[in-house]
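According to TrEMBL, the domain 'Proline dehydrogenase' annotation covers 42-298. Annotation comment: TrEMBL describes 97, 286, 287 as substrate binding site. The FAD binding site annotation in TrEMBL covers 132, 161, 185, 186, 187, 199, 224, 225.
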Ligand code: FDA
């Protein structure tokens, strides 16, 4: 793994920096990737995206909470976000991280929080996507998805990461749940005994699992900014007559905005991942790690102040 990527991913887990970032507000150019510090600010951006023909998934930033109260408060905020989405009639669903909802404290606590969130989503006809975090949380996240899917049906989905060797076999064992997946390359730092160390292998497996999901006839959210892979999906689905209603493209707020609009203009469903909140530090560091050239605008934004 290139050194800079590795350093940035290490930094993304730094708790002191996370706390400092929370206190000082959006800095270092983070506003390029984060829609704002409040739900209202994020909804304003979602309305703009909707106006361009793009759907959204809202992410109230936060991960690795340290107490049960903090985890329950995060769950309440997400329930409120679902209610506000309904009240303001924007086209958005919600993505969540299980460590924000107490997974590291106790699986049962996290499940209680998730049950209240997914129950609300079901009541409102909305949808919750479980983001996938690092490898240590992968199996608990899959177990949680299975339980929630069995209880609440199509109102919950999960993310699978192409860089993990196990992902294809996970798809086989989850097939009977008719899962709605978001498929991604994978954003965390994982050792070579569990994840492909070379990008070319990740890309190859990404295409493979995308095709597998499209062939299964279950819904696929294909989350990437990789134009080659997007073009491949367009050709593949056209050749096999896979309807455009069976998949959507997803991209991150602030990345490849023109491409997002172009795909929507071509008639594809496109959803933008819109993060908001004060806990932006870890998310921002992972975006820098994906493309260390992004450090250029961090430097520029520092000199602007
Ligand atoms: P790749 O990294 O090959 O990039 C292709 C091109 O996209 C680059 O050449 C560049 O032009 C552009 N690009 C990519 N990243 C950029 C960046 N940060 N800044 C500027 N340009 C960039 N991961 C995970 O582990 N768990 C999860 O739950 C999610 N969830 C998620 C949701 C959505 C909607 C997206 C789009 C992505 C995720 N990810 C994720 C992140 C994912 O795993 C991956 O790290 C990033 O999407 C970058 O990979 P690409 O597929 O874009 O390809």
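Every residue, even glycine, has its Cβ placed from backbone N, Cα and C.
Other than the site residues 97, 286, 287, same-chain residues with C-beta atoms no more than 8 angstroms from the centre of those residues' C-beta atoms, the substrate site, are 12, 187, 275, 282, 283, 284, 285. Other C-beta atoms found within 10 angstroms of the C-beta of residue 97 (substrate binding site) number 24, with every protein chain shown included. Confidence across the domain 'Proline dehydrogenase' (42-298), taken as the mean pLDDT and rounded to a whole number, stands at 95. Checking each of the binding-site residues 97, 286, 287 against residue 132 (FAD binding site) by C-alpha distance, the shortest gap belongs to 97. Cα of residue 224 (FAD binding site) to Cα of residue 286 (substrate binding site): a span of 15 Å. Only 132, 186, of the binding-site residues 97, 132, 186, 199, 286, place a Cβ under 6 Å from an atom of ligand 1.
Of the listed binding-site residues, namely 132, 187, the sparsest Cβ surroundings within 10 Å are found at 187. Geometry remark: residue 187 (FAD binding site) versus residue 287 (substrate binding site), CA distance 8 Å. Cβ-based neighbour count (10 Å, all protein chains) for residue 224 (FAD binding site) stands at 21. Neighbour density for residue 161 (FAD binding site): within 10 A of its CB lie 26 other CB atoms from the protein chains shown.
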